[in-house]
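Copied from TrEMBL, the annotated features are:
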- 154: active site, charge relay system (ACT_SITE)
- 231: active site, charge relay system (ACT_SITE)
- 265: active site, charge relay system (ACT_SITE)
C-alpha cells in the first residue's frame, strides 16, 4: 500500500467506497482508481471475489461510483469492485483533447502502437497487468486472486470483452452494458484504431471482440450483454451487438443479449440492471 495515496473514502451500504492514486509505470503518469470494499472485507483475513468495471467515453473513475448504485448489490453479495480511469492523465499530446471520442478519456483499453500515442496510451497492459497485479498485492488480505470478473459500459464494455478474450482465464466472468462490440466496423472504432494502431486492419482484429471470439481458446465463458433499444448509438450502428452474437454462435460460445425496450445509453439504464449483472458475476465467481 506504500505506493498508493488515498484520495477519498466514503461509507456506503456498510462498506467503503475509496479512491486511490498511484504512479503508473505503463502509462508514465499518475492515475486514479476506485475500489469498493464491502462490509464483509472489514478486518481483513477474508478472500472475496473482485469485479473490475470499465467506464466509457468521456468518463473518469467517478461516473460509475456516483451514478450506478452498484454498492448496494456488491455489499449484498460481498464483492469488491475496482474501477480504473479511462485514459492516461496529465500527459499532453497534441490533439489529445480536440474531440471527445479520441485521446483523453478515450483510451479504448488497448496498447497504442502509433507515435505519439504509444508512449503513454497503454491502457490494455495497464488494466490487465499493472492494475490487476497492484490490486492483488495491495489488497491481498481481502482479495481472492482466483475469483475475478470484469464488466463495462460502451467503450468499457468493449474493454471488458477484449480483456477477457485476449487473456483466457484471467477473468472468470464477463458482462457489458451497450458495448462497442465490433469496433473495426463502426465509426468510433475506426477512428480510435486508426489513430492508436495505424492503418493495418489486421492489428485491429487483436482488439475487436467480434474477431477475437472467433479464435477464443480458453476456459468456458458465457457473455452477458445488455443493450437499450432506444440507445441512439445502437440505432446509429456504433455498437453492433448482433455482430458479436453471430460470431459467438458460429463458434459455440454462449452469449446472452438482452434488448431493453425504451432504455438509452445512460447511467439510468445501467442503474436499472446493474443488480442483475452483479448477481450474474456472483453466481459464477461463487460457484
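Just so you know, glycine gets a Cβ as well, placed from its N, Cα and C.
Curation does not apply to TrEMBL; its annotations are automatic.
Counting every protein chain shown, the number of other Cβ atoms lying within 10 Å of the Cβ of residue 265 (active site, charge relay system) is 21. Taking the Cβ of residue 154 (active site, charge relay system) as reference, residues of its chain lying under 8 Å away and at least six apart in sequence are, in sequence order, 56, 57, 177, 178, 179, 180, 233, 239, 265.
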